[in-house]
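Written out below as structure tokens is the structure these notes cover.
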Amino acid sequence: MEITNVSEYEAIAKEKLPKMVYDYYASGAEDQWSLKENRNAFSRILFRPRILIDVTKIDMTTTVLGYKISMPIMVAPTAMQKMAHPDGEYATARAASAAGTIMTLSSWATSSVEEVASTGPGIRFFQLYVYKDRNVVEQLVRRAERAGFKAIALTVDTPRLGRREADIKNRFTLPPHLTLKNFEGLNLGKMDKSNDSGLASYVAGQIDRSLSWKDVKWLQTITTMPILVKGVMTAEDTRLAIQSGAAGIIVSNHGARQLDYVQATISCLEEVVKAAQGRVPVFLDGGVRRGTDVFKAMALGASGIFIGRPVVFSLAAEGELGVRKVLQMLREEFELTMALSGCRSLSEITRNHIVTENDGPRTVSRL
């Protein structure tokens, strides 16, 4: 069967993967309202395309923290990718590199920072959870830096793990042949079986609930890598992140896996962009499944977007080739959206190219 869009990979992954693994990747928190809303909110943003513009040449290139990439579509950190496919993070790293874009490696990867670096050249960011033992954090950050990673994406929305009922029912735990590779030598690589979600128990035991803005400042004292704060959803926290020295912000609700009934990320993007006032780039994570979604995020002021689930689902379906195809499909759809909207470069995508529910009636300027 010819796969024609990114969403079709989910059904294939569901057939191929063990139930515990598919449920872990696919599910959201509690009622999963925000999970659905992350997608639905995009469908309420409509286009105002401009016509009769020469769109023979379209340039999608951009720079992120000074690194040139082929398109504003990047790979979000997703944990334990070897549950999806034996090549796991290796395949994702190679696919992102081939697409000329950035991969973010999860702290909870089933391949280490060194292993991912060994797959060849590529621009890679490292997602960080802050462990109670700060020596562990320091070691990990130094290893990522030595392995050539270019930035840290600090996840700030997980002082405790959200309640994911599928994981509780399945008593989710990492399959026995896998470990959290970055922590293997530190006796933190194994996840014990538990009466509910093994991951929730692991987080309760290891991740620091006291994480605060002073820790964002502390991180800057142990690394020269710029820090992106991942999990910001409000103007207030945007201003605090910038005051604390963040180099950028990732608007994220953790794939709707933490607090349920939060807004979709596309719905709070504009608030964050306005509060940032251009001082740092703002990125969007969550719910992107189409090139049209990418355009909508850019029109609302994002500097780029990250995709998570489409990567693990395509990885499960077709390994590295699947991830390459997902990145290629989104690229082609985004390029088409730009052409049909009359935009030849990312700088030509403006707020006037879309209309949202909150927009009042337009006053049209007379020529």
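Counting starts with 1 at the first residue shown.
Quick reminder: no glycine exception, Cβ is built from N, Cα and C everywhere.
Lifted from TrEMBL, the feature list:
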type	residues	note
DOMAIN	1-359	domain 'FMN hydroxy acid dehydrogenase'
BINDING	Y24, Y129, R164, H254, R257	glyoxylate binding site
BINDING	77-79, S106, Q127, T155, K230, S252, 285-289, 308-309	FMN binding site
ACT_SITE	H254	active site, proton acceptor
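Take the Cα of Q127 (FMN binding site) and measure to each of the binding-site residues Y24, R164, H254, R257: the nearest one is H254. The CA atom of R309 (FMN binding site) is located 11 Å away from the CA atom of Y24 (glyoxylate binding site). Summed and averaged per residue, pLDDT over the domain 'FMN hydroxy acid dehydrogenase' (1-359) gives 94.
Proximity of P77 (FMN binding site) to non-local residues of its own chain (separation of 6 or more, Cβ distance below 8 Å) is seen for T104, L105, S106, S107, F125, Q127, A153, T155, G308, given in sequence order. Neighbours of H254 (glyoxylate binding site) among the binding-site residues A79, D285, R289, defined as a Cα within 10 Å of its Cα, are D285. For G287 (FMN binding site), the same-chain residues that are 6 or more apart in sequence and have a Cβ closer than 8 Å to its Cβ are N38, R39, A41, F42, A264, T265, I266, D293.
For the binding-site residues listed here (Y24, Y129), the lowest count of other CB atoms within 10 A around the CB belongs to Y129. Among the record's glyoxylate binders, Y24, Y129, R164, H254, R257, no two C-alpha atoms are more than 19 Å apart, and one pair sits at exactly that spread. Closest to K230 (FMN binding site) in space, going by CA atoms and restricting to the binding-site residues Y24, Y129, R164, is Y129. Comparing local CB density within 10 A for the binding-site residues K230, H254, R309, the maximum falls on K230. The number of other CB atoms found within 10 A of the CB of R164 (glyoxylate binding site), across every protein chain shown, is 24. Calculated from their C-alpha atoms, the gap between A79 (FMN binding site) and Y24 (glyoxylate binding site) amounts to 10 Å. For R289 (FMN binding site), applying a Cβ distance below 8 Å and a minimum sequence separation of six or more within one chain yields N5, V6, S7, R39, P310.
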